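Record features (Swiss-Prot):
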ACT_SITE  Lys307  active site, proton acceptor
BINDING   Ser190, Ala223, Pro224, Gly225, Gly226, Asp242, Asp262, Asp278  S-adenosyl-L-methionine binding site
Amino acid sequence: MAVCPHEWLLYCRPGFEKDLSAELADKTAHAGQGGYPIAARDSGHVRFVLDPETPANEVHRALPLEALVFARQSLVAFPPLEALPRDDRLSAIVDLVVASGWSFESIWQETPDTNEEKALAGLMKALRKPLESTLKKRGALRRKAGGRRLHLFWTAGDRVQLAMSFPGNRAEHLGGIPRLKFPREAPSRSTLKLEEAWHVFVPREAWPTRLSDSMQAADLGAAPGGWTYQLVRKGMYVYAIDNGPMDDALMASGQVEHLCEDGFVWQPPMRLDWLVCDIVDKPMRVIDMVERWLVAPWCHEAIFNLKLPMKKRWDEVSRCLERLASSLDQAGIRARIRCRHLYHDREEVTVHVCLLD
């Protein structure tokens, strides 16, 4: 009989393990799933140990990655293999894979997003070819296996956790970290937050219709123009709302109208396609402002950041999202709301709202 996995392995930004653990405990309880988190501070990951009668695959499907806020990656996993002998790390790994009955098309070796674990790169490189060769011979690594992927999550030279991911419910980047290149002409590094948000929230095949050069957008709290830069690069006409100065090159594009007004008060002259906002303020005040825009409605889609408190961050995020969803529901507005702690976020989360009517 095959050995069944009963752990859920999730990656996160180091320092946010407690927040991810709180989110998982809350959401599994609502889903009627039993279990508990194991997380060390600044470790960059959380192990959620499920009840013995609860298959990890069931929870993984019930709470997909796109429904989670603080997770970068979501995997079905076995408990870690520990105290691996330095002269033979492969045997225990291969034995567990064979016992699981797993088959897969690719193998990823990963570490937490910390400087200490990144030193394991040499070990992973040395193991890659012999690991692939052995698993091919044992019939686990195949050309066709439903797109499944084996993950080896190394947290020490003698400690690795084996996990599996499935297409459509995983991040397609090593460590769950997208590799975006900072455009030198952008006015600030914040530009990468909006670019990453589009990759996460808007399917690439929908970009021609939802991020097109025929659109109009508002950027609240725009200066110096990091987010406006992304809108302009897509060909949009942008109302940049901020009392601060905008980047000269952006203004020279002819696609930006800079208005020195309060982003919480300004109203657009017509319904726009996009609202984006990276204003540093109390999260609930930002929610109230976005709610007004969506109820009016002054936009079709919105992406905005919520700055988080130092403690009980999941409680604050949950409260804000519930408030927004409830307000839109009471107004009879159908919308899809998603939220993610992006790689390029720090002490904030990014929210996307798409009106469905």
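The backbone N, Cα and C atoms fix where each Cβ goes, and this holds for glycine too.
Taking the features listed in Swiss-Prot, we show where each one sits on the structure.
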{"residue": "Ser190", "record": "S-adenosyl-L-methionine binding site", "Cβ neighbours (10 Å)": "17"}
{"residue": "Ala223", "record": "S-adenosyl-L-methionine binding site", "Cβ neighbours (10 Å)": "19"}
{"residue": "Pro224", "record": "S-adenosyl-L-methionine binding site", "Cβ neighbours (10 Å)": "18"}
{"residue": "Gly225", "record": "S-adenosyl-L-methionine binding site", "Cβ neighbours (10 Å)": "29"}
{"residue": "Gly226", "record": "S-adenosyl-L-methionine binding site", "Cβ neighbours (10 Å)": "22"}
{"residue": "Asp242", "record": "S-adenosyl-L-methionine binding site", "Cβ neighbours (10 Å)": "22"}
{"residue": "Asp262", "record": "S-adenosyl-L-methionine binding site", "Cβ neighbours (10 Å)": "13"}
{"residue": "Asp278", "record": "S-adenosyl-L-methionine binding site", "Cβ neighbours (10 Å)": "22"}
{"residue": "Lys307", "record": "active site, proton acceptor", "Cβ neighbours (10 Å)": "17"}
Rounding to the nearest whole angstrom, report the longest C-alpha distance spanning Ser190, Ala223, Pro224, Gly225, Gly226, Asp242, Asp262, Asp278, listed for S-adenosyl-L-methionine.
20
Rounded distance in angstrom between the Cα atoms of Lys307 (active site, proton acceptor) and Gly226 (S-adenosyl-L-methionine binding site):
17
Taking DSSP as the reference, which of helix, strand or coil describes Lys307 (active site, proton acceptor)?
strand
